[in-house]
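Peer 1: Have a look at this one before I ask anything.
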């Protein structure tokens, strides 16, 4: 719109045209106020009925809430107005009239259940606190990309339609691909490993992953955003260092650039970036800490994966971001390298928030014979992954990396109760639309 001024830029003494949504109308008799909202904030429009044209007043005060309008008028200081200024209108143009029966209240005065909000996401995003989540999400992704560039990474984009799953199993969405069986990719893992064997060496990707998991919990999605890193000539400890850098950079970017959004969420006083090195516990140390609390029905033993309850217990004990290292080889994927001095212990690691797992990573097996053996030990057919395995015959360097759940990072960063709040249009077992 030509000559439009954002509400945040409206300066006393100027004549401006502002445009946005009708947030609220308050009619006090001889005087009335319309609050107009755009992406930068809100501004008060004052109607003095006895001093204004009747048609102008009628247009401004009879419009439905959430209609899109433009207002042209003089900006004046008004300390009692929500933003300290107000517009005295010369003209009001109704651009798009809203239905009076709204499925939810964007002003937030009437709460709506999450399913209703997700069914009407466009309206839901008109609320300051919801919009703030996605503005913060955008800043997180910007900061993460910048952190990867500081690590001299090249951004890549890998296929999302594949012939075989990354890790086998049944957590795959099958599709028909020109008469062939194909799947939506559950991870860029194998492709990013191939890239570190190329001339690129150190890469990252931010993109969607698809997992046909049966889980239907506040922390699981069937389509999610994965933040992936892989580097040649890195071991698992260097990969953990990179992980710390990226996560801390995400927090620092939000702290520096999203104060208004944090205020909208009521987090301006408590939000802080994690400082220093994240504690690194071995898997065995983690089991000991969990078992020492006595909070589980049965003590954990070597080879057990950590349940949600176990993660919660350990998170309460540690109280900050931390790593779990040296996992049993038997419960880590085939591409994770074992320690040279103990083939029962892998170089795999998880990075945890006190409330849940955020990252899974490790050093990768770069030796062809050992890689094929790992396939066979986990009941997978190496020939089904020939495009991947054959490249390990042509000089594959030692390498390490990890994958970070983007929505989980946002969820834990902002203390959201449900991971679906961190996704514009979530995909889970019950939701395929909108």
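Please read every residue number as a count from 1 along the shown chain.
Glycine is treated like the rest: Cβ placed from N, Cα and C.
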Peer 1: Can you pick which of 268, 270, 357 Swiss-Prot lists for the same ATP site as 211, 212, 213, 219, 220, 221, 405, 406, 407, 408?
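Peer 2: Of the residues offered, the record points to 357.
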Peer 1: Which stretch, out of 181-184, 185-188, 189-192, 193-196, is listed as region 'Aspartate' by Swiss-Prot?
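Peer 2: Range annotated as region 'Aspartate' by Swiss-Prot: 189-192.
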Peer 1: For the region 'Aspartate' (189-192), how many residues does DSSP put in helix, in strand and in coil?
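Peer 2: Once the DSSP states are binned, the region 'Aspartate' (189-192) shows 4 helix, 0 strand, 0 coil.
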Peer 1: What is the biggest Cα to Cα gap, in Å, among 211, 212, 213, 219, 220, 221, 357, 405, 406, 407, 408, the residues listed as binding ATP?
Peer 2: 19
Peer 1: Far apart in sequence but close in space: which same-chain residues, 6 or more away, have a Cβ under 8 Å from residue 357 (ATP binding site)?
Peer 2: 311, 350, 351, 408
Peer 1: What Cα-Cα separation, expressed in whole Å, is found between residue 211 (ATP binding site) and residue 82 (site 'Important for tRNA non-discrimination')?
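Peer 2: Distance between the two Cα atoms comes out at 46 Å.
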Peer 1: Within 10 Å of the Cβ of residue 82 (site 'Important for tRNA non-discrimination'), how many other Cβ atoms are there?
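Peer 2: The answer is 15 other Cβ atoms.
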Peer 1: Given residue 406 (ATP binding site) and residue 82 (site 'Important for tRNA non-discrimination'), what distance in Å do their CA atoms have, once rounded to a whole number?
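Peer 2: Approximately 35 Å lies between the Cα of residue 406 (ATP binding site) and that of residue 82 (site 'Important for tRNA non-discrimination').
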